[in-house]
């Protein structure tokens, strides 16, 4: 993917694949949640081991990846809109967020675990960062991370605060914008050393939290295993999700892994449709077959794999005939349609003034 393709409608296969992998992780996490009998449940045998693997490597790790891609997508969307000469790119993105919020509200009526509303709301926070310098974005991200860690510590001393879900999302959104402005996923070959460094550092930072999760499992007082303390799992969310992102970026530079993981890209290309479809299928299966009679991690893992396999097949068949997924098409229509007063285009192909050049020098329109 070259520099110019970010401003056009060309798709980045690697981004689609990472998005598809994130959707699979989200399905793995959500599947037990569809089954209400899992709340407060304890596990024995193989179910306890699977629960441990969830808390180590899956729980709260894939929503941050999706958040990173949403932040990156925000930057790409704004850059493309400006390149095409859209009159008011901020108004256009605001409309896009409002449509996403509507999807989220509808999804919330189906299931209480919706995440689209949070993305829509936090998306408004991203707008002022479009023309900020990368160092400013990084500074804000660093401050938010410090606040997050402090608030996590406050939980342990009895102060009521729950940043475990929302703060990692906002942090990763900003990191996604940062990656877009620094062109890390556009010029991967020029950023290999940086990506390798990020991979190593993020994994090292993850080790203490992973050790704490494993220790709690090994020294549990009873011969059963429920959920690890949410605070411990949350500590590993950001660094491990960054490790996953950097690892997949490096793997997908190799044609072998690009070919093997390509089916995930089919699902990732229709991420909105497939995210909502996962909820619909999961809730339907639980209701029809009354699978919430007992909590079983291995059952939910098996079902998640089956559901995702079906989504790969359906997505492949759909994109053979259509450029966008059904809900992606609707989202695009409601964003751009002149019926709803979308901004018009002018001066197609004008130069983007806010994009940082390869040498990372700041342009005049980038503000502190």
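Cβ coordinates come from backbone N, Cα and C, glycine included.
The model shown is predicted, which means the values in this text are computed figures rather than measured ones.
Residues or ranges marked as transmembrane segment by TrEMBL: 12-31, 62-78, 90-109, 115-130, 137-155, 161-180, 192-213, 233-252, 272-289, 301-319. Sequence annotations record features per position, and here TrEMBL assigns domain 'DUF418' to 179-337.
Packing against the transmembrane segment (115-130) from elsewhere in the chain are residues 26, 63, 66-67, 70-71, 74-75, 78, 90, 93-94, 96-98, 100-101, 103-105, 107-108, 136-137, 140, 165-166, 169-170, 173-174, 177, 275, 354: each is 6 or more residues past its ends and has a CB under 8 Å from a CB in it. Residues 1, 5, 54, 58-63, 65-66, 69, 72, 113, 115, 185, 244-245, 248-249, 252, 258, 261-269, 271, 274-275, 278-279, 282, 300-301, 303-304, 307-308 of the same chain sit 6 or more residues outside the transmembrane segment (12-31) yet have a Cβ under 8 Å from a Cβ within it. The listed stretches are 62-78, 90-109, 137-155, 192-213; of these, 90-109 has the most Cβ pairs under 8 Å to the transmembrane segment (272-289).
Per-residue confidence over the domain 'DUF418' (179-337) averages 89 (mean pLDDT, predicted model).
Tertiary neighbourhood of the transmembrane segment (90-109): same-chain residues 74, 77-78, 81, 115-121, 123-124, 127, 130, 272, 276, 279, 327, 331, 334-336, 340, 342-343, selected by CB-CB distance under 8 Å and a gap of 6+ residues from either end.
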